[in-house]
Amino acid sequence: MNNLTSTKFIFVTGGVVSSLGKGLAAASIGALLQARGFKICLRKLDPYLNIDPGTMSPIQHGEVFVTDDGAETDLDLGHYERFTGVKTTKNDNITTGKVYHNLLSKERKGDYLGQTVQIIPHVTDLINSFILYNTDALDFVICEIGGTVGDIESQPFLESIRQIGYKLSKNNTVFVHLTLVPYISATMELKTKPTQHSVKELSSVGIQPDIILYRSKIPLSQEQRDKIANLCNVSPTNIIPALDVKNIYELPISYHQYNLDTQILKHFNITSPEPNLDKWENILNISHISTKTITIAIIGKYIKLLDAYKSLIEALEHAAIHNKTKLSIHWIDSRSLNNEITNTFDNVHAILIPGGFGDDGVEGKIIAIKYARINNIPFLGICMGMQLAIIEFVRNVIHLEDANSTEFNFYCKNPVIHQLPELQQNLGGSMKLGSHPCYLKVDSKIFSIYKEQVINERRRHRYTVNLQYKDLLESHGLIFTGHSHHNNNDSLAEVIELKNHPWFIGVQFHPEFKSDPFQSHPLFMSFVQASLNYQETKKA
């Protein structure tokens, strides 16, 4: 530890409305403290009753972020990893559903010895245990509480952090509250009333915020800050703007400029050298150097909420930044595509099919894959995207037109994609999850990209390639260049490549979960480079 006598806890709550950026605020705090040499971890407490987000609609919840140890978690854990480089685990995300599941399991086993099981103390004790678990070696633990203050679902979590604040005292805890200060364009005014009411709501459960972050387009005046300070019992120096930014990687620098990390350390009476933000300044400088622009088409069915593809978008942005290229994403609803493609892909330099589930929109994705294959457009298929690339190839090159996945047609005659037998149980928590080693063929494009024979990538899938078709596929030019070991040393297909195509790769794993702004993932780097090469070819 950094000469601290005890671990400090930072609790981040939100008010007024959801989606204000609590996760990014928490990640930024972590990055700033880390830049000062402190050892940190970040945790997320989600108030919904699902055990995890694994079976939730991406259009409602956003993406499911998968950790190395196979936990299906909230997308904010992706922000935590990308901002700090600290790998999250199953112990860093808890839900009300998981709390109740553990509680009822303990009750059935008789662990409560005949007690009447109640929210207080039994539910809150479990939440407290989650927050405090394995924290002794850390300088700071940053806990984000999901939802909005005032939500019924959040009450046990707020009570838990209140209890921890009381037990550990203000010397070891700080409460950071993020609110909205809306700008009314008709009167050209910033309105502080929502913040006042949000703090009042938080105070009603016994939590007095120490720092207020206000989300706004422009900073408040000193007079407005004094007003909030007076009505919310918070020092004016601790009322800090969370300003809108063009690039989320500006946030740590922005928060530092407004003294967020300084005020947190002042609260704890901790002295520390100024943070080393060189890598953040460097990434912003690079991001402003874009000599070219490429357009990548992403064909999916969750495009109504782009958070469903959050890590994928960030991974592409990272690769574009390090290729000194501006990225434009052309979002296409897979259900809108049919065989009468006219000029849909005329100005596109690459095509990407991300992961997904179910048969809705599948045929549109297959049409896009065929277009990429025939027209030599760089193509990347991830998870289902790889599986659909195989189906397209078998149908249109090998001419087994009834080829399909048993996910879409259980009784198809040529099931080139099928379900792993041991996973034919419950829908939730029944997939291949987490980081696994993948073995690459040395004489392959994928090896030339990674420059390693054994890689570790995260997976999230229930279906896999039926290897009975492997020889047939390879004899026609679709090559298997990566595999992983399965039960009893059986193999699972992890990577495919198309011969005689400039750049056509499918991967069963999810590389987007391991990209960060400081070290772009090699697969996305190569994909963006291939897009640039294709752009030059089109110009010639």
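Each residue, glycine too, has its Cβ placed from N, Cα and C.
Record check, Swiss-Prot: ATP site residues include Ser19, Leu20, Gly21, Lys22, Gly23, Leu24, and the candidate from Asp68, Asp69, Asp74, Asp76 also listed there is Asp76. Swiss-Prot annotates Met384, Gly385, Met386, Gln387, Glu407, Arg462 as L-glutamine-binding residues; of Gly356, Gly361, Gly364, Gly434, the candidate listed for that same site is Gly356.
Mean pLDDT across the domain 'Glutamine amidotransferase type-1' (295-537) comes to 93 in this model. Within 10 Å of Gly356 (L-glutamine binding site), judged by CA to CA distance, lie the following recorded positions from the set Leu24, Lys191, Lys193, Lys227, Cys383: Cys383. Using CA atoms as reference points, the binding-site residues Lys22, Gly23, Asp76, Thr195 were checked against Gly385 (L-glutamine binding site), and the closest is Asp76. Listed in sequence order, Pro354, Gly355, Gly356, Arg459, Arg460, His461, Val507, Gln508, Phe509, His510 are the same-chain residues at least 6 apart in sequence whose CB falls under 8 Å from the CB of Cys383 (active site, nucleophile).
Within its own chain, Gly23 (ATP binding site) has Lys44, Asp74, Leu75, Asp76, His79, Tyr80, Glu144 as residues 6 or more apart in sequence whose C-beta sits under 8 angstroms from its own. The ATP site is set by Ser19, Leu20, Gly21, Lys22, Gly23, Leu24, Asp76; from the centre of their CB atoms, other residues of the chain with a CB within 8 Å are Gly14, Ala25, Ala26, His79, Glu144, Leu178.
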